[in-house]
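Student: The structure that follows is given in the form of structure tokens.
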Amino acid sequence: MGTVSSRRLWWPLPLLLLLLLGPAGTRAQEDDDDDYEELVLALRSEEEGLADALQNGATATFHRCAKDPWRLPGTYVVVLKEETHRSQPERTARRLQAQAARRGYLIKLLHVFHDLLPGFLVKMSRDLLELALRLPHVDYIEEDSSVFAQSIPWNLERITPARYQADEYQPPNGGSLVEVYLLDTSIQSGHREIEGRVMVTDFGSVPKEDGTRFHRQASKCDSHGTHLAGVVSGRDAGVAKGASLHSLRVLNCQGKGTVSSTLIGLEFICKSQLVQPVGPLVVLLPLAGGYSRVLNAACQRLARARVVLVAAAGNFRDDACLYSPASAPEVITVGATNAQDQPVTLGTLGTNFGRCVDLFAPGEDIIGASSDCSTCFVSRSGTSQAAAHVAGIAAMMLSAEPELTLAELRQRLIHFSAKDVINEAWFPEDQRVLTPNLVAALPPSTHGEGWQLFCRTVWSAHSGPTRMATAMARCAPDEELLSCSSFSRSGKRRGERIEAQGGRRVCLAHNAFGGEGVYAIARCCLLPQANCSVHTAPPAGAGMGTRAHCHQQGHILTGCSSHWEVEDLGTHKPPVLRPEGQHNQCMGHRGASTHASCCHAPGLECKVKEHGLPAPQEQVTVTCEEGWTLTGCSALPGTSHVLGAYAVDDTCVVRSRDVSTTGSTSEETVAAIAICCRSQHLAQAS
């Protein structure tokens, strides 16, 4: 069906108002969806006209999927500002309908959101976007788009800790205290793997299948959801064999859904929690679409309600940050590996990667329940299967410790993962340092780890190449930012610092003139009852350099950072090893501001480790001893060819350029400075 650009259908105003607002008109609209869809198609305008219209004073913003084939023009999610009253979404929708009617347009209100986020879903012409964006209380509007299932018993052995591996999979518990909500296709609940373990809800919000000749064969409609339900809690092939599942159908028989249907499914979960709160809750999102601000915002709202969300990274062999819900910081995002712990390849595609991935899990040739019959099994691959593994592991961890927060759960998943087992050469070169080399595993025990100081590394997005460009990395609300570092592949950067923004501390990195951009790297830790602050020493201008101290009683140094305004600091040569008793201060270049991150917390104990080698050195590392956790990672100040410093697990990595290309002399030293901490009091108490 073709589209007609910039056409309006003029209706008598009384008739339009009767259709839009009257009860009989409302019923007529509900009974004639197909005719309405044709009308929406007829009313679509050309893309070029929208950009000019939105520049004429609209206060809200418009968003759409970056992947054109996945876009669904004519359907829009209108999101209101957070502080709006609960009644405002419906009132704003009715106001939009009335104003559109005066202009001769028909609008259909599809859904009103109250519990998940304030907003509503409408079908309307693109000609009305400018009008909608100008409405009071509107924050932004997002065009609907498609989401897709991400699937194209070594897996159970792989997630069992090496010291406990045996001929039989023996998890610490079955995850019986946890409910898992699965947003997927329908499920064959009578399969022997999951019979009696799955509650098929009455929720269903799916688009029609593509193609007029598509046959909705039951076994095909149920295949993806049935397999994943079996991976999560199947009797024979499941990870958490005691977890109960709730099935919400948001994908059609072709494994295709929409952002809006996923939103409505998430709101269904939100309402269910309000009506009848339960214990720990895990939501499995084995689907992916283009980046969606509104879907990520919805995930954030659920996470605030202590719901754990686990999502597939996507099967596009691409940066996971370009997809949703994988890009949402509050979501635990999972990539896929094979039996050799290598990234999964799916034809010309494969698992997604990058800084938005938290960890990887088994995702190739996974045996699970088949919808072909009640006793059939099938092998499937993809990041959906990987996410199902992590959802099962999360269920067991939450059963052992039901009060775990999302931040605590994520930190434990990272801490207990198998480390440095993935061949990073599979990833694009610019993504290797950003992608975590972690494969999910069960904890070796369910007790005795409460004293452990857990930390993780969070990378920012790339800053861009302009001189004043900055990058920002932030921790989760329940985490403490203990240190901040920066990295630039060109080596042209102006350092980093910790700054307070909106009541939270963030890590900022600064690009330099002629630089290609910079990353900020935050070290985010779980430190209960901590009182942290940053102490800054301004540029000294002369002498050996600047020194920033932790001068408050009982405060301990957890990280050092520095930033400068000039393009070239030059070099100076402080000693690599600090004098004994000087572990509460940071040293910096005389032309830079130096920042000491200092914390007071019960039982906190920290020490500094340094390792230096004469240049040229492509990489220098220093690692904390067992029982100690890396909280700070920095480079020797004033070394001209250093690209930056970052933490990989409990190892501080400093990267540098070849001195032959920089004009520097090999007399310079490349040094990595690590600050290692532990919670001594809690360790003794445990």
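Glycine is no exception: its Cβ is also placed from the backbone N, Cα and C atoms.
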Student: Going by Swiss-Prot, which one of Cys633, Cys676 is joined to Cys652 by a disulfide bond?
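Tutor: Its disulfide partner, as Swiss-Prot records it, is Cys633.
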Student: Considering the candidates Cys606, Cys624, which is the cysteine that Swiss-Prot reports in a disulfide bond with Cys677?
Tutor: Cys606
Student: If you check Swiss-Prot, which of Cys455, Cys475, Cys586 bonds to Cys525 via a disulphide?
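Tutor: That record, Swiss-Prot, gives the partner as Cys455.
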Student: Have a look at Swiss-Prot and say which candidate in Cys253, Cys270 forms the disulphide with Cys221.
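Tutor: Out of the candidates Cys253, Cys270, the one Swiss-Prot links to Cys221 is Cys253.
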Student: Could you tell me which of Cys299, Cys356 is bonded to Cys321 by a disulfide, according to Swiss-Prot?
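Tutor: That record, Swiss-Prot, gives the partner as Cys356.
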Student: To the nearest whole angstrom, what is the C-alpha distance linking Cys507 (disulfide bond) and Ser384 (active site, charge relay system)?
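Tutor: Rounded to a whole number, the Cα-Cα distance is 32 Å.
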Student: Quick one: Cα separation, Cys677 (disulfide bond) versus Cys624 (disulfide bond), in Å?
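Tutor: With distance taken Cα to Cα, Cys624 (disulfide bond) is 9 Å from Cys677 (disulfide bond).
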Student: Under 8 Å between C-beta atoms and at least six apart in sequence, can you list the same-chain neighbours of Cys532 (disulfide bond), or say none if there are none?
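Tutor: When sequence neighbours closer than 6 are ignored, Cys532 (disulfide bond) has Glu480, Leu481, Leu482, Arg505, Thr558, Ser597, Cys598, Cys599, His600 within Cβ distance under 8 Å.
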Student: Which ones in the same chain are close to Cys525 (disulfide bond), with CB under 8 Å and 6+ residues apart in sequence?
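Tutor: Listed in sequence order, they are Leu453, Phe454, Cys455, Arg456, Glu479, Glu480, Leu482, Thr629, Thr631.
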Student: According to DSSP, folded down to helix, strand and coil, what is Cys550 (disulfide bond)?
Tutor: coil
Student: If you average pLDDT over the region 'C-terminal domain' (448-686), what do you get?
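Tutor: Value for the region 'C-terminal domain' (448-686), mean pLDDT as a whole number: 84.
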Student: Please report the number of other Cβ atoms within 10 Å of the Cβ of Cys624 (disulfide bond).
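Tutor: Step by step: centre on the Cβ of Cys624 (disulfide bond), count other Cβ atoms within 10 Å, giving 21.
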